[in-house]
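K.L.:
Structure below; questions to follow.
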Amino acid sequence: MWRQWIPFWHPGISPHGGDVDLLFSGLLVVSSLVLGLLFFLLALFCVRYRASNPIDRGHQTSKSWHWEVSWTAASLICFLALFVWGASIYFQIFRTPPEELSVFVVAKQWMWKVQHTGGQSEINALHIPVNRPIRLVMASQDVIHSFFIPALRVKHDVVPGRYQDLEITAQVPGHYHLFCAEYCGTKHSGMTGEIVAMEAADYAAWLASQTPSSPLAQEGGSLFRELGCSGCHGIGSKVRAPLLEGVYGKPVPLADGSVVTADDKYIRDSILLPRSQIAAGYEPLMPSFQGKIDEEQLLRLIAYIKSLGGHGS
Ligand code: HEC
Ligand SMILES: [Cu+2]
């Protein structure tokens, strides 16, 4: 591979790594050509029209529109082509990931907290099996962070107040850098971590060797009772609230006539901003839990509601 001979060029280990590298090289080549041409002309004119050169300066031609229009059009087409190329790769990388293996990532000043659905958690590290698409559900507890794994050629902002989905696939086992790529405060530069890509068997062994507190869904179940959700959403409650059994992944008709899918984002919004989307046929009685529960409790509640059955579980 020609890239091996370029210093500082770390090999990409994701399926789209080659495409990103090629695009990057293309950008580099086009920019270098433009830069080279400019500096060449600059030097040429400097030498040619230097004060001591007795050259004929009398025949200044008027502006040539042919030249003007053609070089503007040529560079426009060139850079638009780069844009289209980049956009097609972008859509390939950032498509909505399938519900395969989900891992939650919570960013906070200044660390990455990772929650596996089995209850295993880690800080500033993420263990994943190789050759398997992983769906990361990312949230921030405070400010904007950015999840950046150079070896996988992916970077995604993690914005407070909403979930971000990101699909990653590592093809080669090993340890890789994880960085926060958005300035997020004093210790931003220390907000680094490690991605550990392992063979499926090693990954299974690693999962088993961790001491899980208890599965996320189970902890979510206790929270569901402690926070009083079950008081309204339980069978036989006095308040008329929708039963959450099997709601996950199903279409939910809303009071305003629209229909949404009950995915992670919808459930999150239902808990934090219950007024924003009212389920059809119910009164807006649910209190907001904004500021009362943090991201980690939220994802436990979602795991619990998911475990109550429904699509894809
Ligand atoms: C005071 C009673 C009450 C409490 C407490 C309550 N809810 Fe609700 N919840 C409702 C009602 C009523 C609705 C339907 C109206 C709406 O969509 O806001 C609802 C809607 C929902 C929905 C959307 C369901 C659907 O079918 O669209 C979810 C998810 C949900 N609640 C989760 C929770 C969780 C988790 C908690 C605890 C943190 C909780 N609720 C606490 C009354 C309550
Ligand atoms: Cu950060």
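All residue numbers here begin at 1 and follow the chain in the order shown.
Every residue, even glycine, has its Cβ placed from backbone N, Cα and C.
The annotation domain 'Cytochrome oxidase subunit II copper A binding' is assigned in TrEMBL to 98-209. The domain 'Cytochrome c' annotation in TrEMBL covers 215-309. The transmembrane segment annotation in TrEMBL covers 22-47, 68-91.
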K.L.:
If you run through the domain 'Cytochrome oxidase subunit II copper A binding' (98-209) with DSSP, how many residues end up as helix, strand and coil?
P.N.:
16 helix, 58 strand, 38 coil
K.L.:
Could you count the residues of the domain 'Cytochrome c' (215-309) that DSSP puts in helix, in strand and in coil?
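P.N.:
Reading the DSSP string over the domain 'Cytochrome c' (215-309) gives 38 helix, 9 strand, 48 coil.
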